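K.L.:
Please read through the structure below; I'll follow up with questions.
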């Protein structure tokens, strides 16, 4: 296809090379802690022969404007990470009838106005006849706030572009409501980017349990401590600060009895303004690891101790769970946390607890901080995961590699997860 016209009446392959980096045309916001960029690699788009050939193409300028607006909405959604649970993070951009951005917003806290409402308030009367770009299908139910689909209709929005369909059966149906009101609705723009920023909430809805992110710090030869047990500090100060960002994004931080005994961890978020403190959870099967005066028992954040059903303890903030072959039942723990409104878990435990979660198929994402250090001996990051041969190895998809201080942070998801 050349100049937008079919060649010889037959659709031939069209090759597009796009090595450039797309950036948002919206003003950069220095306060955003989650800039989103997308590097577009060499791409080949092939239109297989068909009859008749398409007579009309999308306006490339309008299409790029849609992408720019949705990418901004994804950036806005990321600002809500750690503050909206049990709700999703959502971003919205509203443009007027001419395509000029006139309003934007994001869901800032559970029970507060949704992203669409913030954007519509900023746009005011300029929203009439315009387009709303939303990272998640506008909700269709009345909870602590009204349905966003109806708010968009009442504001006179003529077109809605959303990235991800809402899997929550209580809230889905917004797209149908909009279409019934005569609104032009499009789905799927930048779906992967919007899924990534909302991964924890989407996982919790689809699987009926919290999203689990396993974080560990290790040397290049995979050791989390030296042979004598010392581990402070393997990674850099920058990496340790970055872990507090992960904590701030989680609803709960989980460690095991070994970590509780060895490190007396605090587990609260530090160094992040206005962070919502996560629930601190210690898996202490026999109720022997958490002693009076433990740092995890202070009032900096709520704490829950998970113990066996038959454990003897005088602690009050306790959940009793059935035993498994080793320790407590991981599915039972996740069910108990989910019932308490936990939608995302940061697993910071040692190799034994990590192995139990991996063996239970309960790890969705792995974040490893690798320090340029060699020890040659000491505990490994993972133990007792039920993997004995190379054919049983769990293969991961690496989604991000970032230099943090002197370390390398690798983020990966389990294939098929």
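Quick reminder: no glycine exception, Cβ is built from N, Cα and C everywhere.
All TrEMBL annotations are machine predictions without curation.
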K.L.:
Of 154, 325, 348, which does TrEMBL put in the substrate site with 231, 247, 267, 270?
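P.N.:
Answer, per TrEMBL (substrate site with 231, 247, 267, 270), from 154, 325, 348: 348.
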K.L.:
217, 301, 332, 377: which one does TrEMBL list with 233, 259, 263, 285, 350, 351, 352, 353, 354, 355, 356 for the NADP(+) site?
P.N.:
217
K.L.:
What residues, ordered by sequence, lie under 8 A Cβ-to-Cβ from residue 231 (substrate binding site) and sit at least six positions away in the same chain?
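P.N.:
Those within reach of residue 231 (substrate binding site), by Cβ under 8 Å and sequence separation of 6 or more, are 224, 225.
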K.L.:
With H, G and I counted as helix, E and B as strand and the rest as coil, say where DSSP puts residue 217 (NADP(+) binding site).
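P.N.:
The three-state answer is strand.
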K.L.:
Return the residues near residue 355 (NADP(+) binding site), defined as same-chain residues 6+ apart in sequence whose C-beta is under 8 angstroms from its C-beta, sorted by sequence, else 'none'.
P.N.:
382, 383, 384, 385, 386
K.L.:
Please work out the number of neighbouring Cβ atoms within 10 Å of the Cβ of residue 148 (Zn(2+) binding site), leaving out its own Cβ.
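P.N.:
Neighbour count, Cβ to Cβ under the 10 Å cut-off: 31.
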K.L.:
Mean pLDDT, the domain 'CMP/dCMP-type deaminase' (64-186)?
P.N.:
95
